Amino acid sequence: MKVIKNYLYNASYQIFVLLIPLITTPYLARVLGPHGVGINAYTNSIIQYFIIFGSIGVAMYGNRQTAYVRDNKQKLTNTFYEIFLMRIITISLAFVAFFIFLLFVRKDWLGYYLAQSFALLAAAFDISWFFQGVEDFAVTVVRNLVVKIVTLVSIFTMVKSYNDLALYILILALSLLIGNLTLFPSLKRFIGKPQWHHLKLFKHFLPSLVLFVPEIATQIYLQVNKTMLGYMTTVNASGFFEQSDKIVKMSLAVVTATGLVMLPHVSNAYKNGQIDKVKSYLYTSFEFVTAIAVPLMFGIAAIAPALVPLFLGPKFIPVIPLMMIEAVVVLLIGWSNAIGLQYLVPTNQNKAFNYSVILGAIVNIIANVPLILMWGAVGTALATVISEITVTGYQMYAIRNQINMRKLFVSYWKYLLAGFLMFVIVFRLGAVLKDSWLMILIEIIIGMISYLIFILLLRPNLIKSTLFKLKKRNKED
């Protein structure tokens, strides 16, 4: 029940986070325009590099280590302070590097970079990894919910034109900082006074670096695409890809919500030697992710032609093919998240996890160069899909002798068939109906109902086991 509760907390928060851009993106696309959106995308991609290097893999490592020692309060206390203080030092070094970098930037963009720097400061005080490790998702969800609402109000009341671009960036960065600071009062429920003379800050440095490598590679998908587009083509192209990526990743947040929840849960089971339980978690989680990711993937592709003009405006029509191509990564990242974060990382198979992400990053960069030159932003979308296929494919190869692959994929074709049939229905509706928000809502509702009907008819394993449990519970009652 704890896992389900934490998933609902995390998923509900991710859905709320999804709704905020749905509300703000059309407004900002019109107020800031493609150029303003592109500047934010480009400068944010740069600051993310400093955040990545300053954080040195603490997000995943801290989550896992907290789960390992959470049953011993003193060990938990010492571990928290060691990781937290180590990150303060590394973020400080990243700040020094950032201010050196500022000496070489365009002077008219200096204000944008300084506004983005508050996101780097926020990273120093990000302790969400600790609460994820102790499996208390409620505290992070509630506090961040309040901060996001304040941020939403601030954007609509203060950002009125392209001239407010720096203010918009500052609002986003400060919301991260304030959200992180509000988590500290809740620490006293879990930790006590540290044994200062026993703290060994840098004993975590090398193990954290092991998980830092895939984090760098992962960010390549998120940031290098926009950076290369902005450098090799135009800032506008970077802005188009940013909007497509943002919409696709919004839905992806719901799919990957299982990763943050299951990582500490599986880590604790593995630490206690419950290997069969660890594998059972993977089979269930993989099918659950597939069941959610498939309709999202086909749904995004189906409604993209109608959604983009209404959602972003006529200036962003080039986003349509990008969304339709990039929608494929919803399923691919869902699968790699289930295998990587919910199996390889908790079971300390860091080498296989690292290789998969590094290989994907290399493929991403190599594919980007010719594809961007040939097709611009469309090329970047294709390169992203190719790199995610590489990541997922390698991870499956790595676990082929540990996991029953037939059992892992036993029902996947049923979800794909149901999703494809849903796509045909929704896409055809979009072709004959007049574009409006009401029509898009109707398409989404019909898509959900049709997918559910097809799934109930095809009866994959997850549905069979759920119905069996419900019947069993009814008999017991």
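Note: Cβ is positioned from N, Cα and C throughout, glycine not excepted.
Among the features that TrEMBL reports, transmembrane segment is placed at 7-29, 41-62, 83-104, 141-159, 165-184, 247-267, 288-312, 318-340, 352-375, 381-400, 412-431, 437-458 (among others).
If one looks beyond the transmembrane segment (437-458) by at least 6 residues along the same chain, the residues whose Cβ comes under 8 Å of a Cβ in the stretch are 291, 295, 299, 302-303, 306-307, 310, 414-415, 417-419, 421-422, 425-426, 429-430.
Sequence-distant residue pairs (6 or more apart) of the transmembrane segment (41-62) and the transmembrane segment (83-104) include at least 3 whose Cβ atoms are under 8 Å, placing the two stretches in contact. Here the listed stretches are 7-29, 165-184, 352-375, 412-431, and the one with the most C-beta pairs under 8 angstroms to the transmembrane segment (141-159) is 165-184. The transmembrane segment (247-267) makes contact with the transmembrane segment (7-29), as judged by at least three Cβ pairs under 8 Å among residues 6 or more apart in sequence. Across 7-29, 288-312, 318-340, 381-400, the stretch most heavily in contact with the transmembrane segment (352-375), judged by Cβ pairs under 8 Å, is 381-400. Nonlocal intrachain contacts for the transmembrane segment (7-29), taken as residues 6+ away from its ends with a CB within less than 8 angstroms of a stretch CB, comprise 36-37, 137-138, 140-141, 144-145, 148, 151-152, 155-156, 159, 168, 243, 246-247, 250-251, 253-254, 257-258, 260-261, 310-313, 315-316. Listed as Cβ neighbours of the transmembrane segment (381-400) (distance under 8 Å, sequence separation of 6 or more from its ends, same chain) are residues 221, 225, 241, 244, 321-322, 325-326, 328-329, 332-333, 335-336, 339-340, 343-344, 349, 352-353, 355-357, 359-361, 363-364, 367-368, 371-372, 375. Same-chain neighbours of the transmembrane segment (318-340): 214, 240-241, 243-245, 247-248, 251-252, 255-256, 258-259, 282, 285-286, 289-290, 292-294, 296-298, 300-301, 304-305, 307-308, 312, 353, 356-357, 377-378, 380-382, 384-385, 388-389, 391-392, 395-396, 399, counting only residues six or more beyond its ends whose CB sits under 8 Å from a CB of the stretch.
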